[in-house]
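S.K.: The annotation transmembrane segment is assigned in TrEMBL to 88-110, 131-155, 161-180, 192-210, 236-255, 276-299, 332-357, 369-392, 398-416, 428-447.
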Amino acid sequence: MQPEDNKVPLLSDQDSDEDVAYDSGEKVHILGINEPDDEASLGVVPPFSWKKLWLFTGPGFLMSIAFLDPGNLEGDLQAGAIAGYSLLWLLMWATAMGLLVQLLAARLGVATGKHLAELCSEEYPTWDRMVLWVMAELALVGADIQEVIGSVIAIKILSNGALPLWAGVLITASDCFIFLFLENYGVRKLEAFFAVLIATMAVSFAWMVGETKPSGTELLHGVSVPKLSSKTIKQAVGVVGCIIMPHNVFLHSALVQSREIDRNKKGQVQEALNYYSIESTAALIISFIINLFVTTVFAKAFYDTEIATGIGLGNAGQYLEEKYGGGLLPTLYIWAIGLLVAGQSSTITGTYAGQFIMGGFLKLKLKKWIPFALIPLLCLVSKEQIMGAFRIGHVLKTVAWIVAALVIVINGYLLLNFFSSEVSGQMFTSIVSAFTGANLAFIIYLVSRGFSLFDTP
């Protein structure tokens, strides 16, 4: 009989047949993980296996797509063109903060067998749940808009302007649902497809690095020496703000449930967490390198030039073409291919995330703004009744809350900067002020609820 100390406390309805994320038949079977194992039953983690790591590899790479979407690429190119190599250190640490948040999301999903949207639906009152759902959907729509725009720009470039913008939107939307149909052939097929997309992005932007030949010395200096000036503060805020995406927190907590494990055995749960930590770290290292490629290309090409402040997704490829010429593979089209893959892949994962969000909050069985995802996540992974032995400790919780506070402040800065430059008129200003006040009040409520309820053993 399993000792009490090694049991993993489960939610009251954990054994329910309802599983919004994945049906049992859709899950990937890990060789030997569900076979009788006395050591795992006693809480001992099985020995490391490269084969098991391979079988656990996949969810982290789908999650990493959000770190490579067109919004991130635009932040990268603007940081490079305006700040040169000086913000590479911030890109690295922002990616590390994003990794911390995603590991907490994975921990929540593995330990409980439920994803963040489901747990929010169960743990919060009805009105809280509905507000959280609405804000999550609004954040997802906001992210999807830029992802679609990136795809549309790329399609226009690759078609030499023959396809109008509306046609690009239709193509992007159609492709999204066609590619998601791959899930019907198994989770691993969909994951393999995304691996190809990430590899395509890596090759495209690496090719651009080869064309522009950025300085390796300045690159190393930019990564290792923190530097920030008043002239680059806007780009710095953009680099951090683009990294942590709310829908990605919901998505990752659901994706990790695609592997079949026995959550009654502490050793197997810890084993899954170990493998997911390795593959998520590897995925985000790759995403960091790709973002690094983009930043250094534009730092080399346009830093300290007159056109640096006017470069965006729409004209970046043309500027590169004018500066470095065509050649066998024109830089304009290499850029467009990378942008198309980034936009298309992030649109697909955004749709995937939306299905989990709606299914979890509204209890719908489907085929498959940032504090409103981050604060519930930190509250839930701190609660012993939910996480059991996998509740995060005080040190990790402190670090996570510091990261959350930093993200909230940065998003607040972005909102204030946007409204101060774009909002005019007394009525519109009053509406925006009221919405901002309600937004801040709800954040404070979530934080206070977290400390008063979720932190109790």
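Cβ atoms are placed via backbone N, Cα and C, with glycine included.
Please treat TrEMBL annotations as automatic predictions, because they have not gone through curation.
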S.K.: Residues of the same chain, at least six outside the transmembrane segment (236-255), with any C-beta under 8 angstroms of its C-beta?
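M.R.: Tertiary neighbours of the transmembrane segment (236-255) are 20-21, 58-60, 62-63, 66-67, 69, 71-72, 75-76, 78-79, 83, 87, 90-91, 94-95, 97-98, 101-102, 105-106, 108-109, 115-117, 136, 139-140, 143, 228, 280, 349-350, 352-354, 356-357, 360, 369-370, 372-374, 377, 406-407, 410-411, 413-414, 417.
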S.K.: Short question: most Cβ pairs under 8 Å with the transmembrane segment (88-110), which of 131-155, 161-180, 192-210, 276-299, 332-357?
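M.R.: Looking only at 131-155, 161-180, 192-210, 276-299, 332-357, the most contacts with the transmembrane segment (88-110) come from 276-299.
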S.K.: Give the one range among 161-180, 276-299, 332-357 whose Cβ atoms make the most pairs under 8 Å with those of the transmembrane segment (192-210).
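M.R.: Selected stretch: 332-357, with the most Cβ pairs under 8 Å.
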S.K.: Given a Cβ distance threshold of under 8 angstroms, which distant residues of the chain, six or more beyond its ends, lie next to the transmembrane segment (131-155)?
M.R.: 66, 69-71, 73-74, 117, 120, 124, 163, 165, 167-169, 171-173, 245-247, 250, 313-314, 336-337, 339-340, 342-344, 346-347, 350-351, 353-354, 357-358, 361-362, 369-370, 372-373, 376, 442
S.K.: Using a Cβ cut-off of under 8 Å, list the residues of the same chain at least 6 residues beyond the transmembrane segment (332-357) that approach it.
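M.R.: Counting only partners 6 or more residues beyond its ends, the transmembrane segment (332-357) has Cβ contacts under 8 Å with 20-21, 62-63, 65-66, 68-70, 72-73, 115, 117, 133, 136-137, 140, 143-144, 147-155, 157-158, 172, 175-177, 179-180, 194, 197-198, 200-201, 204-205, 207-208, 211, 247-248, 250-251, 254, 313, 316-318, 320-321, 326, 366-368.
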